[in-house]
Amino acid sequence: MSGARTAPALFFLGCSALALGVSSASQEHREAEYYVAAVYEHPSVLSPNPLELVSRQEALELMKQNLDVYEQQVMAAAQKGVQIIVFPEDGIHGFNFTRTSIYPFLDFMPSPKLVRWNPCLEPFRFNDTEVLQRLSCMAIKGGMFLVANLGTKQPCLSSDPGCPQDGRYQFNTNVVFSDNGTLVDRYRKHNLYFEAAFDTPANVDLITFDTPFAGKFGVFTCFDILFFDPAVRLLRDFEVKHIVYPTAWMNQLPLLAAIEIQKAFATAFGVNVLAANIHHPTLGMTGSGIHTPLKSFWYHDMDDPKGHLIIAQVATNPQGLTGTGNTTSEMDPSHRKFLKILSGDPYCEKDAQEVHCDEAAKWNVNVPPTFHSEMMYDNFTLVPVWGTEGHLQVCSNSLCCHLLYERPTLSKELYALGVFDGLHTVHGTYYIQTCALVKCGGLGFDTCGQEITEAEGLFDFHLWGNFSTLYIFPLFLTSGMTLDTPDQLGWENDHYFLRKRGLSSGLVTAALYGRLYERK
């Protein structure tokens, strides 16, 4: 998505600023309800040879180029009244290092729980902390909370059974600075994604920090979003309403594009997610956003090599999209039909002359062929979505997925309803249950599951399944890498459903992505 598509974020901020100026009472009220956040998608300067061992000075010179850009963005954000800014994972030092070659890029990291420290005001307290000092000073200059990611080192003793042979731990670390430059806390990434340069902490860091403008925030990084620890545990145990999320995410369509999973997490848990991704389109890395459960301000651009700053007002108390919604008397016919299918009762429609009833078993008059195709490296079972309306079912193991749909017009495209209930084993191992309505890459069944970004097909639909987990992420992507929001989500008769009418652009993906964290 080009930067022009993110203009509503800045426009929303401008309109709100005008509203704030109406009266002092209005201003106090609005400031209590909203805060101003920023995320920066950064096209980082990378080491030309990350496998080569360089000096600390050479490493600092490369990182300075990225930190200079960070400071420019902080000052630009300060002009817009930003109170918290988030920068991406790997944005300062880059990636593809070995354990040895990354060492000159690492800062020493004292524990904020043991040491209260302001690196900008106390620069000589610890050696090898130049990056932390620079970030601390940025927070002071911008007068805002600042979240960034860097590599850190921590010496360990041979008596420590987990101590690596080289006598140090190396961590992929997020740091949080307050607006006065104090190091508030640090989070060490737990779920590493093929990162040989870093160690996994012995214990999961469950990190929250308090702000005067929005209360409590939680912190995690990139691949963590797919796992119970720390992401879900933070929300369950600490009543967190806001997440800061540095990431270096390579887009994987049709189910795990960066903005797609960011938005899904915000919607599933009813929280705000401030997500900053790295910007390297040639590597498939783009997609940042400020996501609330109901609205998103995002950036996705595979063409423009430049970075992008997103600024938006964010509710301090986000409102979620859950529940079964309207009463039966207010429901449209498609939702009444959906409820009848779930209950197994006949569905009746009244015309001018008489009432017509169909048994639930007869609603799916066209039973299309079942086929298999690879999607996201998993062997999905699918059925094609043909015709202007219908009710489809497809099952795998214990999961059955259903689609009740109407189409105002037929496009010259193939869509399919797919199901997968099993262990995902490529680029990570984790158990998923997925119901997915996707546009296929072509007209052949073997193209279903391919990566596509453009679509024309419009649907009004209910998508649901008998999931064995409560942790279900609603993925919703439309043509041109745009995000949409379901009209309704929730449980009905032990089935989880997603409902949508009136798509404004062609459907790329609508999916319910369930995670069974306890199964491995």
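Including glycine, each Cβ sits where the backbone N, Cα and C put it.
If you look up Swiss-Prot, you'll see GLU89 marked as active site, proton acceptor, on the strength of sequence analysis. The DSSP secondary structure for GLU89 (active site, proton acceptor) is coil.
Taken from Swiss-Prot, the feature active site, proton donor applies to LYS189. Shown in sequence order, PHE171, ASN172, THR173, ASN174, GLU195, PHE198, THR200, PHE220, THR221, CYS222, PHE223, ASP224 are the residues of the chain, 6+ apart in sequence, with a C-beta less than 8 angstroms from the C-beta of LYS189 (active site, proton donor).
Just so you know, the Cβ of CYS222 (active site, nucleophile) picks up 25 other Cβ atoms within 10 Å once every protein chain is counted. What Swiss-Prot records for CYS222 is active site, nucleophile.
The domain 'CN hydrolase' annotation in Swiss-Prot covers 49-333, and the record cites sequence analysis as its basis.
Per Swiss-Prot, N-linked glycosylation site is recorded for ASN96 (among others), and the stated evidence type is sequence analysis. In sequence order, PRO50, LEU51 are the residues near ASN96 (N-linked glycosylation site), counting only same-chain partners six or more apart with C-beta under 8 A.
Residues annotated as N-linked glycosylation site in Swiss-Prot, with experimental evidence given as evidence: ASN127 (among others). Around the Cβ of ASN127 (N-linked glycosylation site), the same chain contributes PHE108, each under 8 angstroms and 6 or more positions distant in sequence.
What Swiss-Prot records for ASN180 (among others) is N-linked glycosylation site. Mapped onto three states, the DSSP output places ASN180 (N-linked glycosylation site) in coil.
Residues annotated as N-linked glycosylation site in Swiss-Prot: ASN326 (among others).
Cβ-based neighbour count (10 Å, all protein chains) for ASN379 (N-linked glycosylation site) stands at 12. Under the heading N-linked glycosylation site, Swiss-Prot lists ASN379 (among others), citing sequence analysis as support.
Residues annotated as N-linked glycosylation site in Swiss-Prot, with sequence analysis given as evidence: ASN466 (among others). Taking a C-beta cut-off of under 8 Å and a sequence gap of six or more, ASN466 (N-linked glycosylation site) has these contacts in its own chain: SER398, LEU399, CYS400, ASP494, HIS495.
Per Swiss-Prot, signal peptide is recorded for 1-21.
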For GLU89 (active site, proton acceptor) and ASN379 (N-linked glycosylation site), the CA-to-CA distance in whole Å is 31
Within the same chain, the residues at least 6 apart in sequence whose Cβ is under 8 angstroms from that of ASN180 (N-linked glycosylation site) are ASN118, ALA139, ILE140
